[in-house]
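For reference, TrEMBL has these:
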type	residues	note
REGION	17-42	region 'Disordered'
DOMAIN	37-163	domain 'Right handed beta helix'
REGION	272-307	region 'Disordered'
COMPBIAS	296-307	compositional bias 'Polar residues'
């Protein structure tokens, strides 16, 4: 082969009971300023990659991982059970050293582990990647990891209009959302709905990295309270219930009035009439929302933008 592959499509496949990776790409052309210790002597990205409509079950390590790609599309995949036979660092759907990857309409559940074992992951050498319209639930390792490798560049990534229900991670410095490792730059996490019934986890945790902003998200903890232990990231205009973030000077501290008092699905976290999240958002445009609704004007806080 004279160069990296182009136009690879992985679609409509079922993967069961493998011991490393369910679906993945890799390359020996991985070195660039954003990953100075990558393999080879240059970065030759895989282009035109799409991973669509696949079902992945009971994977020892990563569910779906895109490595050394440019402009990949990862959508409408279902992962149930990842990191099942590993004590290491794995995720449900994520990328490494890849730019402009779009992840949408995926569902990840049943993840095992209490280290880097989240459903979704912004990681080393990822730039301008977008996670939107994804669902995460009942993962032992949590919903989202924001991380960077030492000496690498991870910049301009976005996580918006996603839903997390009853994820957890009980091992410090991790949580439902974990901001760890080396710092990323310009990471924006907005208009997500993150709900957990677990009191033994942090909703958001960190171990020092900066330049992550949480805006217009709904954070709901267990009835007895679930902490946000992140002391570094920027918070603005989020709604908090059974949890709090004192550094959010524009916080809405109120019951979001979901359609279900005990959420167990995306539709359970839709907003009832009179919700304090309605019309209280600060982020405009970028629709539709998770449910296909246009973004309301003024926008709502959280993933439901219905009017």
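Just so you know, glycine gets a Cβ as well, placed from its N, Cα and C.
With DSSP states grouped into helix (H, G, I), strand (E, B) and coil, the region 'Disordered' (272-307) comes out at 0 helix, 0 strand, 36 coil.
Per-class residue totals from DSSP over the region 'Disordered' (17-42), listed helix then strand then coil: 0 helix, 9 strand, 17 coil. In the predicted model, the domain 'Right handed beta helix' (37-163) has a mean pLDDT of 97.
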